[in-house]
Amino acid sequence: MSADTETASSRLALTVQRAIGAENRARSPTSALIRRWALAALRGDAEMTVRLVGEAEGRRLNRDYRGKDYATNVLTFVYDESERLAGDLVLCVPVVAREAAEQGKPLEAHFAHLIVHGMLHLQGFDHEAPDEAEEMETLETRVLATLGYPNPYA
């Protein structure tokens, strides 16, 4: 599914790919929700793909691009940071579902958090240093609050 969405301050060309089986498909958010979450965190214009994957693909990508041999919740790939940002977010549905259950969070809220988190990474935010982490977490919390979701760090 691909669609252009425009807000007063941002234009988003979004493709959502679902490389997952029926069980994970049932647990994954709709394209409309993904678009809503991405736009809420976007400052400027972007062309991006959100790819929802299973554990095997998530593990392979994390190993190949980060040198870590396990599936992680979200991976961010930035391709262009000019006037129109271009990049991909890859979310591993079984990992996101497992984390939500382990942390006692609603699955939808956890997906929203990870899309917002990934969108901030696409725009250059990071959390390696403590001051960067604080800034990024504050932004995530603010964006999620505007969407009606609780603070993911509380």
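Placement of Cβ uses the backbone N, Cα and C atoms for every residue, glycine included.
These features come from Swiss-Prot:
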- H117, H121, H127: Zn(2+) binding site (BINDING)
Within the same chain, and leaving aside H117, H121, H127, name every residue whose CB is within 8 angstroms of the centroid of the CB atoms belonging to the recorded Zn(2+) site, in sequence order. T76, G118, L120, F125, D126, M136, E140
Taking the Cβ of each of the binding-site residues and counting other Cβ atoms inside 10 Å, which one has the highest number: H117, H121, H127? H117
